[in-house]
Each structure stands twice: as structure tokens, then as C-alpha cells.
């Protein structure tokens, strides 16, 4: 007598597995058909802010539930900012002290808070009172003007609040949105991925994604005079240059379009106007000659941003055998590498209008690339 095969269709684990397989198949079909944009860049360059902007511009913004969730992140930012400001006051040149010595108790209160528990901290009224007292001190002022709004139990962050809030990302983020352009020209569903900015994970970033349409590489232009949080020794802009060369040279991304966002232009402009000197960190700035096409060469900000752009574009002009890498992960110096173009934009990721204009140009680039692929240019 033949054995009977008894299938238990009521097994919840089996059903869940089948459902998951279906979801994966659907997602993979969508993935293959979609335009895929990969956000890359060092930490704190603005990648997550770009993801938020796509949500505002293409997916009807943030729900009430999402805004309430961001309120805690903003309160964490408040704690981080006041601690960082007050803890670094003695190290400035000249050092800054409290204008009102009666605020010392508030200073001690803030310094004794543990940042590792910021996510679970209850943020009592005492916290806001002490921060406000410190903020009103003339020796500390300059930021956190919304303290009375943020402390409210009914506080709902605005779009700008959400764009300005900062939370370090370590996991891959993905967002899907529709672009009203014919599919064959780069419209339809677009997927944007943010893979975080952790050091030591760069090779993994590049190899995981297949068929990427375009790389959006973000740089915190304002980081020319600061060092990384991780080691406090490596210049942030030099770190971005190193990562850019890694990505530009990768054989995995050789067929992808390349767009460079020189971000945080508002902060760069403010720093230069306040007297921070690029040449103190990049001696080659002394011999840099700005093109007249880029504006008034006597304008320190315009010259500064042009110099930073040139640092990156110079990497794209290097022949493969002059790049710093020559391993199997990178373009072979003897290969017939096709000529690539790097499109560059000066951006402020927290400015929705600026990002809207820039992404209109990004979509144009994708259309041109697709026309080239089908032989119509």
C-alpha cells in the first residue's frame, strides 16, 4: 500500500513562510522594474534628510503618527545640543563662561545627564527649565529658540522640524515614489536607498546592490574644518574624498549614473563668512584659481565651494592606473573603461525648494541616460 502524504495546510509557520515568499517575489519584480537610486556618503552628510524630502515631495509628507514619533528624536537633539554646547565652552578661544553664575546649578544638571539613556529619558519639566535657563544666558545663546514649543505635551513637529532633526542611521532605509515621466524615459516607480554612513562597511554597501540606475553621493561641504566623531583626527572632508574615490572606482557601479551633492551649503557659507579659512586645512587652496564662470573670484564663499567641487571632480579625471586602488574590487587599469560624467550640484538638504529643483535635474539626467541606452542620442 503506497504511503500517504499528509500536508498540514493549517501549519501557521508554513503559511507564514509561503506568504513571505510571495511578498519577496512581488518586491523583486518591483525592484527589477524600478529606477534605483543609491544614496552614499560619509556620516552626517545629509542622506537621511534627502529621504525625508522625497517623502515630502512625492508621498504626501508625514502622518500625524510619524510626526509624534519624531518629537522624541527632536527632544534627544535638544539634550545633545545643549550638552555639546556647554561642555565645549571652556575649550573655545577665548573660553566662554556663564554670564550669570546663578545658572551654574542648571549647567551641572545638564552635564550630569547620561546621553546613553536619551531615548528613554522622561524629559521632565525640570529638564526644560534648566535648558531654557542656560539658553537665556548670554554666554550660551545661538540655538534652541523653540524650547517652549518643544516642551509642550501636544507638540507636533512641522516639516522643517522633521528635516532638521538628527538621528544616526545604521540600517538600510528604503523609500518608493512615483515620478510622472514615461517609464521608458526614467519615470514610474523609483526606489531610493540610504545605506548609512558607518566606516568599515563600504565594500558591503557597494556589492549588495545590483542594477543601480544612479549614485547620489552626498558630501557635507561644511566639514572642511572639523574631524570625524569616530576618531577626532580624520578631517571630515578628506574622509568624504577618500570614500568618493572608493565609490567612483568600484567595478560594481561602473554602469551607474553619478551625481555629486555638495551639501550643507548654508553652513559652509556661514562658516566662511565668519572667518574660517579653508587654506588652514587644505594648503592647496592657496594656489587654486577659480573660473570666472563660477562667479566673482573675490567672493570667499563662491571660491570656497568651487575649490571643494574641484577636489572631487579631479578624482573623476584620473586615469584608472593613477587611482589609489587596483584590486579586483575596482576598475582594472587595462580595461576599456567607458567615459563617465559626474553631475555636480550645490545643495542644502533641509531646503525643500532647493532639493525639488535639484531633483528635476536628476530626473533629466536619468532620461538622458535612458535615451543613450536605447540609442536615441
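Cβ atoms here come from the backbone N, Cα and C positions, even for glycine.
Per TrEMBL, the features are as follows:
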{"type": "BINDING", "residues": "44-49, 163-169, 194-198, 263-266, 349", "note": "GTP binding site"}
{"type": "BINDING", "residues": "48, 169", "note": "Mg(2+) binding site"}
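Features recorded in TrEMBL, as mapped to the structure shown.
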residue : record           : DSSP class
44      : GTP binding site : coil
163     : GTP binding site : helix
169     : GTP binding site : coil
263     : GTP binding site : strand
_Using a 10 Å radius around each Cβ and all protein chains in view, which of these binding-site residues has the most neighbours: 44, 266?_
44
*Out of 48, 169, 263, which has the highest number of nearby Cβ atoms, where nearby means within 10 Å of its Cβ, if these are the binding-site residues?*
263
*List the Cα distance (Å, whole number) between residue 166 (GTP binding site) and residue 48 (Mg(2+) binding site).*
9
*Any idea which of the binding-site residues 47, 166 has the thinnest Cβ neighbourhood at 10 Å?*
166
